[in-house]
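Report on one structure; see the data block that follows.
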Amino acid sequence: MECVDKSENIDGNVDTNDLPNDDQVLSLISDAMFVDSILSVNPLGPPTRGNFAGEANFEISIDGSQTRRKKFLFSAKLNKIYVDIGVDFPLKFNWDASKYQYMYVRATVIYSDADQAQKKVEACYQHSFYSNTANSVTGRNVLRSGRELGVPDVYYFGRDDDPDSWYSVLVAGNPSLEHPYQFVCKNSCTSGINRRNIEIIFTLEDALGVVFGRQSVGVRVCSCPRRDMNKDEVAMEGTGVKRPAPSQPNTTKKIKIDVQHQQQQQQHDTVVTLPSLSVVGIPTVVSGLRVMLSMQEQALAIKTDNYQPVDDLIKCITDMKKCIDDLEDKLKDKPS
C-alpha cells in the first residue's frame, strides 16, 4: 500500500496543511457566536424618541455647503434632508473618542407624527420588489446602506412577517464615522410611506446594544429636492414655527438612559449560575467552556474600553479558566 504525504494535494484540490487546527476552529466559533449574540436580535417595537448627546457627546454632521454637488440638500432651518430615491447621502457621526472607541450607529426610519408612532415604515410593494434580490436581508426597509450587500460592518435588522420587528441599519466604526445611506421609496408612494412625514432616529450603541446617545433628522424623499425644500422653508417662516435642531449636551441636567435599555444592560450584566447538567465527553465540555470563555473575554474588553464595571466578568473568567484547567488535568491523567 502506498502512503500519501499530508502535505501533498489530494485529488489536486485540497492541501490538508491549510485546514484550521482545533484552536483556530474554536476561535472562529466563539467569534461567530459573539457577533451572533449581539447582532442577531431584531429590535422589537418603535424606537424611543427624544434627542440626547449623552456622555459620549453624540452628534451628526451634515456639510450643507457640499450637498448641492451630491444631489441632495439639507435644510438647517428644518433639520431635514431632501433627497431623491436611490441617491446616496453621506452622514458623519461623531462621539467622544476619549471615552468610546469602536461603536455601532443604528438608523431607524419612523413616522414623525405622534398618531403614526406605532406603525413601522415599510417600502411600497413595487419598490421593495425591484430593490430586493433573492434571499435579501433588507426586507421592506425603506432605508439602505449606500454600500453593497455583504460588506463588513453593515447589518440589517427587521422582519417582514412580524409587525413588531422594526427595520434598522446598523453600522460599526470608530469616532468620526462617515457612512452613505439611500432610500428605495419616495414619500409619495401610496402603498408605502403615502405622503406621511418621516425622520431617521440614529442611536449610538455599544456591542451589547446599550444606547449612549440619540439624534434624529427629518427626511423627504422626492423627485425635486430643491423645490420641496424651498416650499417647506417658506411655509415654516410664514407660520413662525421652527423645527427643533438636534439637541446639544446639557451640562446642568443628568441624562437618564431609557428604562428599556437599562433592562437590556441588566440582562447582559446578570450573573447566571448554570443548572447541573450531564454532558458526555470531557473534550466536549472543555470546547464549550472555551467558547464561553472567549465570549466573556471579548465582553470584558468592550466594558474595559468603555469604563464599565467588570468585577463580575473578571470573577467568572477566573472561575471558568480554573474549571477548564481542572478538566484538562483529568484528560492528562486518563490512560491513553
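Start at 1 and count along the chain as shown; that gives each residue its number.
Any Cβ shown, glycine's included, is placed from N, Cα and C.
If you check TrEMBL, you get these features:
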BINDING   C124, H127, C185, C189  Zn(2+) binding site
| request: Report the member of C124, C185, C189 (the binding-site residues) whose C-beta atom has the most other C-beta atoms within 10 angstroms. | output: C185
| Collapsed DSSP category at C189 (Zn(2+) binding site) | coil
